[in-house]
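Report on the following structure.
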Amino acid sequence: MRFWFVLLALLGKEIYAYENERNALNATAANKVCGLSTYLKGIAHRVNSESAVVTEKLSDLKMRSIQLQLSVMRNRVPSGEQDCKDIRTLLKTVLRNEFTFQQELEEMRNASALAAAAAGIAAGRLEEWIFVFAQAAGGSSQFCISVGTNIPAEYNNLQECFDGTIGPETLYKIEDSRVKESAQKSLQLHEVLSSISFSSLGAESIVEKGENRGCNLMRTADGGLLKDVCLNRNFTWGGGVLNFGYCVAGNLKIKGGEYGDVGSHDAVRWTEDPSKVSIFKDVIRLFARFQEVKNAVVKKIKTTVDELTKCIGQKEAELTNDQLYEEFEVIQKYLWFL
């Protein structure tokens, strides 16, 4: 009789532990999420710098146009160039293109603003998630981000997230050097997104299992996010990165999948394909649109500059921008008085 009593007591203890374990997020995954957030913030710098390059190319086109006009006025257009025979048509085309390029440049700037905004929103969603988890820490073994010991993760364990003691003021800002450096990396958006996929991280780098850390933020059953009930719908962190069924009791059995793959009340899914996560879809679409518009404008400007360059006289080609403006103004004044 005593044997069965002890066995039942042990079984009861195991069941109780299973139902009430509140796992913590692994600091490895938290740092990866923050690294992605930093990269997304860097997109704002990237689109701005690439837009500035296109603006410079358009300015160069205008200078080439002035060089050509000076060459025509001084009768110094290279006579051997077949493409320079109909110089009047070429000039008309250039002037018409300059107006078109200004409109396309404005379209590119609008596209860059939308891409930067989408990236900023996505970065904010990720940052808020990790910030909430990092702050959810008690003085003992109760916390929501784990480094595998009985103490919570501190800022030195989350250096991809915080530039000092955990707090809102130490989150990396868009003007910080780390963000600017991220913008200069040659990594493509899809590469950075894939770094947080389930297959890239693995379950052991996402959730600390087998320990009760008291983190109610990863529990949707009663005694979790709400006091005495399960939720009435599925739940997500990071806009679709970490997804929970509506009644997850703890001891997470995490698998790869998306928010729409959470088919049972106790399922937990970490994104397998970040390009399907809602907050990243706009970034992918709008950044691709910016690149498309930018590349089209750059190609047209280059073609026009190449056509102009063949017909510019050697002396005009050697003039600095200041010299060009000065001589062009002199000739315009002379023509005005004729």
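In case you wondered, yes, glycine gets a Cβ from its N, Cα and C as well.
Worth saying up front: this structure is predicted, and the values here are computed from it rather than measured.
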Per Swiss-Prot, cysteine bonded by disulfide to C34 (from C161, C215, C230): C161
Second cysteine of the disulfide that Swiss-Prot assigns to C230, among C247, C311: C247
Fewest other Cβ within 10 angstroms of its own Cβ, chosen from the glycosylation sites N26, N110, N234: N110
Largest tally of Cβ atoms lying within 10 Å of a Cβ, found at which of the disulfide-bonded residues C84, C215: C215
Rounded inter-Cα distance in Å - N234 (N-linked glycosylation site), C247 (disulfide bond): 8
Candidate recorded positions N26, C84, N110, C161, C230, pick with smallest Cα gap to C144 (disulfide bond): N26
